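One structure below.
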Amino acid sequence: MTTLRQRKGSKGKEPSPAAELQSQQHNCCSEHHPEKILHGDWSWGAIIWTSVGWSVSVGLGLLCCIYVATLHENDLWFSNIKEVEREISFRTECGLYYSYYKQMLHAPSIQEALKEMIHDNLTESKRTINLLQRMNIYQEVFLSVLYRLLPIQSYLEPVYFYIYTVFSLQAVYVIALYLTAWLLSGSWLAGALTGVWYILNRVDTTRVEFTISLRENWSLPFLALQVAAITCYLRPQLTTLQQKVMVWLMYVTTFCFCLTWQFNQFILLVQALVIYTLDCGDFLTTTRVTTLYLVQVSSLLSVWLLQFCNSMILGSLVLSFIVAALFIRHCQPGVKTGSLVVRLGKVLLHSALVLLLTVTINYLAKKALQLQSDEHIFKFIKSKFALGSTRDFDASLYLCEEAFGLLPLDTLERLAGTLLLYPYILTLLLLCGMLVAAALQNLSRPNRGSTEERKGAREGQVAAFRPDVAYNLLHTLFYGLLAFSTMRMKYIWTGHMCAVAAYGVCGTELWTVLLSALRCNTKLLLRLVRYVVPVVMIGFLYYKFWPKLMEELSELREFYDPDTVELMTWISTKTPKQAVFAGSMQLLAGIKLCTGRVLTNHPHYEDKDLRERTRQVYQVYARRSPEEVYDILKAIGADYVVLENSICYERRHRRGCRLRDLLDLANGHIMDGPGEDDPDLVPATHPRFCDAIKTDAAAYNALFTRTFQNKTFHVYRLKKKRKKNTKGSSEPSVTQ
């Protein structure tokens, strides 16, 4: 088990609040935005102020990058440990992804490396798979090619080129959030506050320092850039050329996001629901809605082509939903006509038709494509909300992990401790009220006859509630609900949460309402509080948390996992290079990275046959006979099986969530230990394999030979069966 140990070493007549709010929103849209110079303001003040804003964004981005890189170094003493220890530190699926970067670099040429990726027979024994089709590893391919071409090999090791690239993306992430807050509020102080909050809430905004290769660490910076591009695209002052530039930026960032994460379709589905809601509330023009949808579709189809026509993309819910939404809207052009009640009824009917058509299209697409790669995700969703069986092995693997549970309340306590939660909630409540009021106003408007009248109505509606604000509000609401339902998804929400809270502090809406309630709402006072309050907050956060950050950065630890190092060293030196290893998904990813041996299964779970194979391999932790386990392992070509005490005798999870319990339930057996069992479960007829094999009983020794063991791991080699010499032989004959 990997552990970290301490290293040795004047007033006029006041306007009404609503009129004042609209006026301040308009001023906010043009006061100090990053694109101000693009609108022709080349004054020295504008140039200096904008330059300072951009400089602060880059500074905060670099600060975040250096911060996480230092934490990574201090936790592992990465610069001082051996290469095998560095590779072991890439835990679980991170090790699998990094192994392809390493494999690309070790290939004789780029052409040979690409050929190995397209025709891979090391990741799954007895199978040849196209890794570029199955997995999202183009980032590893791109980095390996770039490392080969750049003249940096003599002074920068491949592993540092890789991890520094990932840490640099954190700088991009912070800059993107900074720009979003700046665009929304009109003040780069909002961006500065966003960056500070992101860094101080590192525990809840990123986990990059210990899960470097995780796909979300590659993709979320591009999602943040896409949100910034959408925010800019929805602003009313853009020229036609600027709108086209924003559309291309949205496409490029969405494409990069989709290319780097296999769960892109589910994240884009939530975003498509945000766009659909804005369309139903009449906050966006038809052209903008269609453009946003088509950006998503074109990005997904581009990735589909690059991934050798991956059927999982064509069968995705988001594509089905977009096709349904566009088709139903084309067939129902009069949805936004009539009185308020009539229009609400039409919207409800419209939504029901879109939902029905989405389900139908998705069902037919999956049937036509024979797609089953993502069915485990829907099983997980059904089980999570008690809509299906909880005995399904794949669904239970997710349900029993804390990362896929509900968001813990201590997350909110930490966010409140950095003053992030309070302005966020106030901003959310105020904007939600304004959004509902604006939506009802939009739906209550009488029908306009001419195009000019409809355009005028649209401009009035924009002044009432800005589309860019409406998008970001629904974005944080929808992804917030996703985060509360599944803790792992909080990293999509918390970063954007920083930008929304900073917009609340530095924008006009919240302060206009508060100052109007106090009857002191003047432009001078409003501008004063918008600049003074964020500066005071940043000063307070610096005073409170800077010493803690310095203390955190002064803690020096060291990577320490001697048992795993011993196992990897033994495999590398004592087993054939083409040997096939079976075991847990997490361990096998490390074995592939450290030793290059062939695997039976691995953590990239988006394939039905692989999921079934993994369940079969895991029978080594179930109550099965040695003959059954031997036949299973031989059928998938295994030469060695690695058993882990931490799984066989697991105590981390409660009863019913231990891996051995999940296997017992799937096999219909009563679980270990005291507790209630379902009445249809029966006692197993065999002892638990991973424990019984250590007794060296004859039935086990006839089929398996122990070749390595330490405190954590036991490795057994499968013997070769020999033809039976006598018909009455009860034990299989084997050869050494």
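Cβ coordinates come from backbone N, Cα and C, glycine included.
Here is what TrEMBL records for this protein:
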REGION    1-25  region 'Disordered'
COMPBIAS  1-10  compositional bias 'Basic residues'
TRANSMEM  46-69  transmembrane segment
TRANSMEM  181-200  transmembrane segment
TRANSMEM  248-276  transmembrane segment
TRANSMEM  304-328  transmembrane segment
TRANSMEM  340-365  transmembrane segment
TRANSMEM  421-440  transmembrane segment
TRANSMEM  497-518  transmembrane segment
TRANSMEM  524-543  transmembrane segment
Beyond the flanks of the transmembrane segment (421-440) by at least 6 residues, Cβ under 8 Å: 281-283, 340, 412, 415, 461, 464-465, 469-470, 473-474, 476-477, 497, 500-505, 507, 509-510, 513
Top partner of the transmembrane segment (497-518) among 46-69, 181-200, 248-276, 524-543 - counted as Cβ pairs under 8 Å: 181-200
CB contact flag for the transmembrane segment (181-200) and the transmembrane segment (524-543), at least three pairs under 8 A: yes
Sequence-remote partners of the transmembrane segment (524-543) [C-beta within less than 8 Å, at least six residues beyond its ends]: 24, 185, 187, 189-190, 192-193, 196-197, 200, 418-419, 502, 505-508, 511-512, 515
